[in-house]
Amino acid sequence: MDPEAGSVTRESRLKFYKATLCLAYQSFGVVYGDLSSSPLYVYKSTFSGRLRLHEEDDEILGVLSLVFWTLTLIPLCKYIIFVLGADDNGEGGTFALYSLLCRRAKLGLLSASDASDDDISAYNSGLPRKETVASSILKEFFDKYHSSRIVLLLLVLLGTSMVIGDGILTPSMSVLSAVNGIRIKVPSLHENYTVFIAGVILVGLFALQHFGTRNVGYLFAPILLAWLFCISVIGVYNTIYWNPHVVSALSPYYVYNFFKKAGKDGWSSLGGIVLCITGAEAMFADLGHFSQLSIRIAFTVIVYPCLVLAYMGEAAYLSKHKEDLQKSFYKAIPEVVFWPVFIIATLATMVGSQAIISGTFSVISQCRALKCFPRVKVVHTSNHIHGQIYIPEVNWILMVLCLAVLVGYRDTDTIGNAYGLAVITVMFVTTCLMFLVIVMVWKRNILGALAFVIVFGSVELLYFSACLAKVHKGGWFPLVLSLILLSTMCIWHYGTLKKQAYELNNRVCLDMLLSMGTNLGINRVPGIGLIYSNVATGVPPMFAHFVTNFPAFHRILVFVTVQSLTVPKVPANQRFVISRIGPPEFCLFQCVVRYGYKDQRNDTHDFENHLIETVSEFLRNGNNDGEAFRWETTNQQQSSPSDDVTASSFENVVSSESSKKTVRFRGVGCSKELEDLREARESGLAYMMGSTCVLACDTSSYLKKFAINIVYGFLRQNCRHPAIALGVPHTSLIEVGMVYRV
């Protein structure tokens, strides 16, 4: 055996282990803030209802047993063992599962968009599994019944709506629970003051969002580790000092005994117990920032045992101090360490709130990319981690809603009823999607998929029923909020599809455009014109309308279509797909620009350079079919001697002052077209896009008129302009007004 090869292998392994441990360390500050802060309010919420009438040791030990087995079944078994393996090329979350189903099982609503990413090599690796009987039956069912695909999309959007609701309830619940600890030491303090203090913290938290988490990311992990260390040590102390017998509650017998004695009141208390797994979905949703192994190590080695010890110690304290059921967490803290733990608890809840707010931004960005959410401004706060984003409009709306929840409810028990319903709904949606992934993507036996749904789905439905029974006690909020968000996303998606369908059905054929040009006497002016539309083939109706009223356009025209695919990221060398429209002398090109739902859009200058370089590469290769071409951006450097001796080559350098990048043209055998492209680039670029008014037809139903004319029209008028969303410079923009009757 070669000793050098063995040394390289050991070095690579050490590097891998070091990187994994580093990611595991960072995950504490991003993933586990919400899950780790749940001991603040679980016992209080559980014993807030009729269960407070049951103050025997059997009920307390039964609640501990339920918490332990819930933590074991849902976060440990379901997410750590199974769900983390359903990543979409390293990305997680509800949209990642939907992306897998759209691409691998073809369950998307638009077959064209589903097929447009088939050539992306990075997402088609691996040997295809043999089709099973169950996957064939399910695929045939979805193909036969188009409404089933609509239901699937609605299920995904429901889960997304609940995640956004979670982003509103988590900061209010966790921060108020931490601040309430002051009243343990100052009982005479009115609750208005605690609500005010919590409100100030929330305003400060949302005001700092525009800075991003990059500069303080490493600060979050020590806070969470200090918090987990505190609650675990206090848990061990309380267990040994007050009641070591609580260890026996880890037996599932105590769950049976709990329901036997508490009966219906025990079932009602499940709405509080479910709060012990709030934040478990973040382990999957934030997978794109880390790795499966790092998240599994962090949870199983640190988070899970620390939480079990914390709940165990609190139950030991409660078994000897039943009068403290409503304030057990802070009462169980030894006097000597109360204030340090209180400060760490407040900081930990802020970290947990930060994580869920960032997660909400990420989810909304994914919805926007897939045309299920109105256009909003997405600011990338980190050049290294694509998931760290900031959305100004959403941030301030979240802050207002968080303050409204805080002032309106004023009590963690009522907020907990709404919080639990939002959390368990997202988890059940994940379970349903996992069933389809196991059968249709992984091609596994349907019995295994059914076992997965029965084991985890039955537990989640039990908790869901308990949370649903508390709708009148605050649980209505996530339902109303999700209904509003779901309606908004559905109407936006429906209106966008109708607008695209109109453009597709009314696109102009090339012969008609050429005959129109002959009759109108169209002139060609110097420069490059980029025509933005949703039509991936042919000429959009907006351009024909423009030519009819103003018979002149640029020497070189590129019809640009920006597509958002159901993949996380599109490789840079497969982003542009160039094809030619008509004969070469017309200088008409079609360019499809493809982005994944996690991709960061380039700035305008980089986009122009990349596009022109791709067109020049297309011309150099002499291709007339729609192939994808690699583009490369290089640092400025002196030309090599071999370049200078080629008489037919030329080079044009377009410099970027900010990034010091250049775009290079080298013509070999096609110098005329490349020369035209170079001259047109020097003359300047102009952008053209439609300024459309979308209205329902006069014969449409009143429901469609309300959805299109009123709701969709309102959203289009008040969201970001398409030119701003695409980064088009206002001084170079030409807008063409049209009315679409859909």
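Placed from the backbone N, Cα and C atoms, the Cβ positions cover glycine too.
Source: prediction; values computed, not measured.
Annotation comment: TrEMBL describes 23-514 as domain 'K+ potassium transporter integral membrane'. Positions annotated as transmembrane segment by TrEMBL: 60-81, 150-173, 193-211, 218-240, 297-317, 337-364, 385-407, 419-439, 446-464, 476-497. Residues or ranges marked as domain 'K+ potassium transporter C-terminal' by TrEMBL: 526-741.
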Take the C-beta pairs under 8 A between the transmembrane segment (446-464) and each of 60-81, 150-173, 218-240, 385-407, 476-497. Which stretch has the highest count? 60-81
Is the count of Cβ pairs under 8 Å between the transmembrane segment (385-407) and the transmembrane segment (150-173), pairs 6 or more apart in sequence, 3 or more? yes
Interface present between the transmembrane segment (150-173) and the transmembrane segment (419-439) (three or more C-beta pairs under 8 A): yes
Can you work out which residues elsewhere in the same chain, 6+ from the ends of the transmembrane segment (337-364), have a Cβ less than 8 Å from its Cβ atoms? 29-31, 33-37, 40, 93-95, 160, 163-164, 166-167, 170-171, 174-175, 177-179, 181-182, 184-185, 201-202, 205-206, 209, 213, 220, 223-224, 226-227, 230, 234, 279, 282, 285-286, 330, 373, 376, 378, 387-391, 394-395, 398
